[in-house]
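Written below as structure tokens is the structure these notes are about.
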Amino acid sequence: MEEDLFQLRQLPVVKFRRTGESARSEDDTASGEHEVQIEGVRAGLEAVELDDGAAVPKEFANPTDDTFMVEDAVEAIGFGKFQWKLSVLTGLAWMADAMEMMILSILAPQLHCEWRLPSWQVALLTSVVFVGMMSSSTLWGNISDQYGRKTGLKISVLWTLYYGILSAFAPVYSWILVLRGLVGFGIGGVPQSVTLYAEFLPMKARAKCILLIEVFWAIGTVFEVVLAVFVMPSLGWRWLLILSAVPLLLFAVLCFWLPESARYDVLSGNQEKAIATLKRIATENGAPMPLGKLIISRQEDRGKMRDLFTPHFRWTTLLLWFIWFSNAFSYYGLVLLTTELFQAGDVCSISSRKKAVEAKCSLACEYLSEEDYMDLLWTTLSEFPGVLVTLWIIDRLGRKKTMALCFVVFSFCSLLLFICVGRNMLTLLLFIARAFISGGFQAAYVYTPEVYPTATRALGLGTCSGMARVGALITPFIAQVMLESSVYLTLAVYSGCCLLAALASCFLPIETKGRGLQESSHREWGQEMVGRGAHGTGVARSNSGSQE
């Protein structure tokens, strides 16, 4: 075996990293081609391609000038105790976000009856939350890119906690309208927890971990319904609002442990802070730090909207905006439709719908019954199989095909509701539809942080989240107002929107499956080191992979 070993001994030095990218010495950048002479090995070697994230053999290392990037360190340290703690902490933020969203479908019918609100005011109460989220999502993304992921997330959570508790003491409709809007403004920053979380995850674990963090969303929605079952009959909606803020309070107490992203620190020039964070992770995980010197990435302007519309990202950004719009439009529409359809009973009976319209026009109302809560709980439990299905297919089909499949299944279930079905079949169809639309949402949360570079990752996720809130803003007027006029038209709108979103998913120019996170907006996607042998020479080139 000893005679098979060989060494690289040709300058300029080619350093192989786990990211699959190449770094060349500045003396020979003009030629674009770098030869590596291999001593003692015959000519005619076949091309060898190093996969992204592949470990580099020690015999290829440069013993005199070892360097590494944050991506290398994260891959070397791996997944361990630190990431488990981070999962729980960011999961609390997600759980709180889910509870604040789920409470809308419970609070709306309650206030409709208690305060004798017309349908448009009930819809407005839901929409104002999404107005706040829409107006703040880009702002929180910009703050996270400019001042750090931890800073943006902490401020948004504390903001939501403060106004969430205040809204429980609202004396009249106008007060709760304003306060819930301010709650929505704070919730707009909670998705930045995904940005922070993703930047600490090794490549092989990233998709699975981001999907598993979505389990906390499912737990939040289920917990909110269970909480409502016990709290609403005895204590009322004000106590429900107060108790729903408990996960936010826990996050506020525990967030002192939360570190800043090492990727952000390097990009902003804080090399020492980044190294300290990486050493902390290595210590907690019981893994060694990479040897050598941490490379400081070229400092770039961060959080600039124009960077989302460079030729490389323009179509990705526009298509993602529509995908996120459709996800939220359909997901929250289904959440609101669930309570409306269960209260209506036979959704296929036109005469019953007319009676319901007449009743609602006279401001008659129905409180959610115990049966309504149980059916709501069953459909909410669909979040869990949604996570499991997405977890199983996302690394097999890829991110794009997973999103497309979820949209298609949701559309199919929506169309089946055109058939006259009983309550049990209605519950089953809503269960399947919600499982897959939540799965599509989860896949989008995996794809978006992966496709944007560190300099614009938070802003990219923030703008996508903002477009999602536009969809959520519109959906109450479809699910609660249009439903009174036509059940079929309402279902057709949701089904058609998701079919278009499925097409948009297929046309995304970049597939991020198996890719490392991009550090710089000046690097092309899919750069790989390829060793080519011809006539006794190995040639290493940096090739830009095509956009799939």
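Keep in mind that glycine also has a Cβ here, set from the backbone N, Cα and C atoms.
Taken from Swiss-Prot as is:
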- S25: phosphoserine (MOD_RES)
- S31: phosphoserine (MOD_RES)
- S542: phosphoserine (MOD_RES)
- 528-548: region 'Disordered' (REGION)
- 1-87: topological domain 'Cytoplasmic' (TOPO_DOM)
- 109-122: topological domain 'Vesicular' (TOPO_DOM)
- 144-156: topological domain 'Cytoplasmic' (TOPO_DOM)
- 202-209: topological domain 'Cytoplasmic' (TOPO_DOM)
- 231-238: topological domain 'Vesicular' (TOPO_DOM)
- 260-316: topological domain 'Cytoplasmic' (TOPO_DOM)
- 338-373: topological domain 'Vesicular' (TOPO_DOM)
- 395-401: topological domain 'Cytoplasmic' (TOPO_DOM)
- 447-457: topological domain 'Cytoplasmic' (TOPO_DOM)
- 479-489: topological domain 'Vesicular' (TOPO_DOM)
- 511-548: topological domain 'Cytoplasmic' (TOPO_DOM)
- 88-108: transmembrane segment (TRANSMEM)
- 123-143: transmembrane segment (TRANSMEM)
- 157-177: transmembrane segment (TRANSMEM)
- 181-201: transmembrane segment (TRANSMEM)
- 210-230: transmembrane segment (TRANSMEM)
- 239-259: transmembrane segment (TRANSMEM)
- 317-337: transmembrane segment (TRANSMEM)
- 374-394: transmembrane segment (TRANSMEM)
- 402-422: transmembrane segment (TRANSMEM)
- 426-446: transmembrane segment (TRANSMEM)
- 458-478: transmembrane segment (TRANSMEM)
- 490-510: transmembrane segment (TRANSMEM)
Top Cβ-contact partner of the transmembrane segment (210-230) among 88-108, 181-201, 239-259 (pairs under 8 Å): 88-108
CB contact flag for the transmembrane segment (458-478) and the transmembrane segment (123-143), at least three pairs under 8 A: yes
Tertiary contacts of the transmembrane segment (157-177), as residues 6+ beyond its ends and Cβ separation under 8 Å: 93, 96, 100, 111, 115, 117, 121, 124-125, 128, 183, 185-187, 189-190, 238-239, 241-242, 244-245, 248-249, 251-252, 255
Highest-contact recorded stretch vs the transmembrane segment (402-422), from 88-108, 239-259, 317-337, 490-510, CB pairs under 8 Å: 490-510
Spatial neighbours of the transmembrane segment (88-108) far in sequence, C-beta under 8 Å, 6+ residues away: 122, 125-126, 129, 153, 157, 160, 164, 183, 187, 190-191, 193-194, 196-197, 213-221, 223-225, 228, 232, 237, 240-241, 244-245, 247-248, 250-251, 254-255, 257-258, 332, 335-336, 338-339, 368, 376, 380, 480
Surrounding residues of the topological domain 'Cytoplasmic' (144-156) on its own chain - C-beta under 8 Å, 6+ positions past either end: 93, 136, 186-190, 192-193, 195-196, 199, 252, 255, 258-261, 264, 268, 302-303, 455-459, 462
Average pLDDT across the topological domain 'Cytoplasmic' (447-457), rounded to a whole number: 85
Most Cβ pairs under 8 Å with the transmembrane segment (374-394), selected from 239-259, 317-337, 426-446, 490-510: 426-446
Tertiary contacts of the transmembrane segment (317-337) (same chain, 6+ residues out, Cβ under 8 Å): 101-102, 104-105, 108, 126, 130, 308-309, 403, 407, 410, 430, 433-434, 437-438, 440-441, 444, 447-448, 451, 460, 463-465, 467-472, 474-476, 478-480, 483, 490, 494, 497-498, 500-501, 504-505, 507-508
DSSP helix/strand/coil residue counts for the topological domain 'Cytoplasmic' (144-156): 12 helix, 0 strand, 1 coil
Long-range neighbours of the topological domain 'Cytoplasmic' (395-401), counting only residues six or more past its ends (CB under 8 A): 207-208, 443, 446-447, 450, 505-506, 508, 511-513
